[in-house]
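J.: Taken from TrEMBL, the feature Zn(2+) binding site covers A:His611, A:His615, A:Cys714, A:His718. TrEMBL lists A:58-757 with the feature domain 'Alanyl-transfer RNA synthetases family profile'.
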Amino acid sequence: MLEDEYQLDFFYENGFIRKQCSKCGKFFWTRDVDRSTCGDAPCDPYSFIGDPVFKKNYDLSEMREYYLKFFEDRGHTRLERYPVVARWRDDIYLTIASIADFQPFVTSGQVRPPANPLTISQPCIRLSDLDAVGRSGRHLTTFEMMAHHAFNKENEEVYWKDHTMELCDELFNSLGADPLAVTYKEEPWAGGGNAGPCVEALIGGLEVATLVFMDLEQSGQGNILIKGDQYRKMDNYIVDTGYGLERFVWASKGSPTIYDAVFPNIVNELMGLAGIEHELDNSEYANILAQNARFAGLMDVSEKANLFQLRKQVASSIGTTVDKLSTIMEPVENVYAITDHTRCLTFMLADGIIPSNVKEGYLARLVLRRTLRKMNEMDIRIPLSEIVEMHIDNLPEYPEFGEKLDVIRDILEHEEKKFADTLERGRRMIRKSAKHYKSAGEKIPLSTVIEMYDSHGIPPEVSKEAAAEMGVETELPDNFYSLVAEGHSRAEAKVEKVFPYADKVDKLPKTKRLFYDEPARMEFEAVVLDVFDNHLVLESTLFYPEGGGQPADHGTITVYDDVLNVVDVQIVNGVVVHTINGTEDEFHLRKGDLVIAKVDEERRMAHACHHTATHIVNDAARKVLGDHVWQTGAQKTVERARLDISHYKRITQDELNQIELIANRTVMENQRVTAEWMDRVDAEKKYGFKLYQGGVPPGNRIRVLKVADDVEACGGTHCTSTGIVGPIKMLKTERIQDGVERIEYAAGLAAVRATQKLQSYLDQSAEALRVLPEHLPSTIERFFGEWKDFKKENEKLKDELAHVRVAGMINDAIDIGGIRVIASLVPNADAEELVKIAGELTREKDVVSILVSDAEGVKIVAAAGNDALIAGANAGSIVREMSKVVGGGGGGRPNMARGGGVDPLKVNDSLECGVALLKEQLKVA
RNA sequence: GGGCUUGUAGAUCAGUUGGAAGAUCGUCGCCUUUGCAAGGCGAAGGCCCUGGGUUCGAAUCCCAGCAAGUCCA
């Protein structure tokens, strides 16, 4: 079936023939009648190294510009790149392909494309082959996907396969590629719920472009089977191409590795710092790298076993040993990886990712720490920010990077310190553990190494190294990381809550939402469209459904004489569903009834104040903390609101005060709050992706809300001007994740109430201490100091008291088998005092003391001096038995034990019991 | 979003089965020394993160919170 897809006029008219690869069996198109292989790895090895495929060599910006200009000249609109962090999507963190820019709404046909056809060079980040980066000679974490896209609809076709192939082929020809060297391999493509035929463009053994003709979508009813899944034709069909900028540059230069082609000056600089002579003019050295890249091109080197295979092949091809080769290659590979990783970090941080322990922030930290480890290994002792600065200088076509330099430097310094601390902490833990296993004469077990990594972030090599310094071996198998993964329990798939009547609701027309046009109106009449149990759908409503962190409106709906309470309002696919407190039996509503409804105005106003305040605070936070601040969540209630923002440090009280001041200033300026329905594409162009801080709404048109300098796509109900918000009172900050700060505040009347509450805390505290509130800090400090002094003095007095008492008590000792025994009641003494007395008494070696007190129930302490112990006395068992008598328990060591009970009347019985037991122990009849 | 680890003296950390809060470094005082480095003797310094619970008794066990670290999606 799919075969027909590739029978293009373009091929036939341009002298191509379809062949089947003699090695992999796949079909491909070529102009070369003698060719028998498809041109892709592993069927064809790299031939471009040392033998560039284009007539001229290009650096990144030249190549990018050439490409974009080429497509611009051929009717495409050039688009600015999108950020590497996919702010407009909630299903992926990073931009992994140019088409990701247009998913999901443009590709689904819901939103018109920003231009059609268009061309773009989109920086992408893929961390899936992290281990291969540096080793394979071709893998990068960050690359630019140059692309031209055409979005076709039935009866509105821009262009499809033939023209796409034509453009691609023309591009190669214009760059001076040998037409006979270019092959186009057929390779059906599927991913992310879509699929379609695809052609890979290959030259010199290198895949440089992928041309996807996306025209299928996954569907249970589909009749096209690809890789076991069913697909069906889509109404719209999309030309999704991807040309690897870095690969084009590499192919144009023919350097041994892609790294030497893409950022040669930084590679050289770092090689120098690492003390490696990276002389590509040296043909022997260049040959090693080239051979490595050629062989690596044929395999996946992210696995250790494969890496060894690679080494073996390269070693034998140049006539050396694996060991010798490894000592040459490993440092070079590390430097390549460092160069690549730092470029990745440059894009990540400049586009606003804050390193964190969750989400995309974790990915940034992962790359960052990996880089630091490699730098450490290579003994490159410069701040990370210096390398990042080199990249920024190297990428003048991204002027926005330079503007972020100060924040980036700050973040990097902070992260470097953090990692150094973590490692130092880890080394200490390992040393401790090593000491333990050394004395036992054992290796450090795997479980410890896993825990060090999993719970404390200490890479296994670091553990091993630290242990080795102590002369202890470490158990560290090759499949360490998979063992770590095994230890993790599988996350349970969460069951998403589905509205039970979703099917029926889907058939109803979308509810007219009146609250946008008439934000001040609270009463309305409407016709009932349908009723499901206690859920009610009206044809129009003033009730705001929960959304955007704003809770649902409450209120009443009156029908005939029944007043029904609305306790929840949700929106299901554009249909607003009101939930009534009660069951259907209790009220009598039918389709077509006319109801009078009233929204709880106070609740709505409180929400509106907090919602508008949230935008104001967000704006103020960005002004105080910096432009990297990004809203990651928000929630409003009647009493308070909270805003989560990305920030790499804790917010200080001083900063919070500033935010509060700026926010209240915005309020006092009484600026108009405006909401405007805009075309999505226009809005994005005008305001950027900051629009989507509160979430990404669906649809072609979005509601753009402007509050002060904050512009966001927001569907909430708001105050009409900032003055109406009233005072904004900061309540607290909280660190909900590393890199995410939560600010809590109250606005309007809630702010006044919050302030009053704080005031009452102060007043109550001041009153309790009988001072004025302004004297609280000094008074409390004094009190706390005095309390500590009293505590110490109390301790001292008890010591002295014990000392004094002891003198009297020792005289009352009775002799039991040569041991002096003091068994007595010490009235009102607490356990602490008894211990002191007993301790004091038993400094005499031949003494056993059994003390009982009637404070707070019964306290019992027994102690035995050294001679008494030898004679058989055991305070522990004495106390245990005595405690039973008074209805409690106790125990301790033979020389000192404590216990107690609840029955003070049995104090004497208990003492007698203790003495009797002691006699037994001392074997005195 | 899920998992794991940790909060004890100024710092780094011990603290057994629940039963007398410790070590090392640092600080202070005295001694030794021509001086420095160091050594000797001694001292100060603890809401054992917070709040509940279990218990005669909690740094220790349980629950909740706060703070910190870390792995993964």
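Quick reminder: no glycine exception, Cβ is built from N, Cα and C everywhere.
Keep in mind that what you see is a predicted model, and the values were worked out from it rather than measured.
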J.: Can you count the other CB atoms that lie within 10 A of the CB of A:His615 (Zn(2+) binding site)?
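T.: The answer is 30.
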J.: Using the Cβ center of A:His611, A:His615, A:Cys714, A:His718 as the Zn(2+) site position, which other residues in that chain lie within 8 Å, going by their Cβ?
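T.: Going along the sequence, the neighbours come out as A:Gly548, A:Ala608, A:Thr612, A:Thr614, A:Val673, A:Leu705, A:Val707, A:Glu712, A:Gly716, A:Thr717.
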J.: Restricting to the same chain and to sequence separations of six or more, state which residues have a Cβ under 8 Å from that of A:His718 (Zn(2+) binding site).
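T.: A:His718 (Zn(2+) binding site) has long-range Cβ partners A:Pro519, A:Ala608, A:His611, A:Thr612, A:His615, A:Val673, A:Ala675, A:Leu705, A:Val707.
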J.: Would you mind checking how many other C-beta atoms are within 10 angstroms of the C-beta on A:His611 (Zn(2+) binding site)?
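T.: Cβ-Cβ neighbours of A:His611 (Zn(2+) binding site) within 10 Å number 27.
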J.: Around A:Cys714 (Zn(2+) binding site), how many other C-beta atoms are within 10 angstroms of its C-beta?
T.: 28
J.: Which of the three DSSP-derived classes (helix, strand, coil) applies to A:Cys714 (Zn(2+) binding site)?
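T.: The residue in question, A:Cys714 (Zn(2+) binding site), is coil (DSSP, three-state).
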